[in-house]
């Protein structure tokens, strides 16, 4: 019986060590996914492929950590582009018929995003 317990512990240890470590979305992933939105959000072009990017980001942000990381990146981007139309940014989810759990705005508290 002791040998069975040792084998079970070894198998459990291997499962923990080998399990993939999930990492939050990076700002690079978020910005590349939403790059098609920039012309639209800066009043320089049509909506084009923007909604595909918004829907793609929604699909990538499956966990709370991912959603908070995406929120922080979008918040930072919204603050850094001086000619970004914040009204268009805030309405982007409804324009693209998607539901995200936060407003795209420099004032969003990303720590509260679930």
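In case you wondered, yes, glycine gets a Cβ from its N, Cα and C as well.
All protein chains considered, the CB of residue 27 (disulfide bond) has 15 other CB atoms within 10 Å. Sequence annotations record features per position, and here Swiss-Prot assigns disulfide bond to 27-73 (among others) based on similarity to another entry.
Annotated disulfide bond per Swiss-Prot: 37-50 (among others), in sequence order, evidence recorded as similarity to another entry. Under DSSP, residue 37 (disulfide bond) is assigned to a helix (H, G or I) in the three-state scheme.
Summarising the annotation, Swiss-Prot assigns disulfide bond to 51-96 (among others). The DSSP secondary structure for residue 51 (disulfide bond) is helix. Neighbour density for residue 51 (disulfide bond): within 10 A of its CB lie 18 other CB atoms from the protein chains shown.
Positions annotated as disulfide bond by Swiss-Prot, on the basis of similarity to another entry: 71-110 (among others). Packing around residue 71 (disulfide bond) is summarised by its Cβ count: 25 other Cβ atoms lie within 10 angstroms of its Cβ, all protein chains included.
Residues or ranges marked as signal peptide in Swiss-Prot: 1-23.
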Rounded Cα separation (Å) that holds between residue 71 (disulfide bond) and residue 96 (disulfide bond): 17
Integer Cα-Cα distance in angstrom, residue 37 (disulfide bond) to residue 51 (disulfide bond): 8
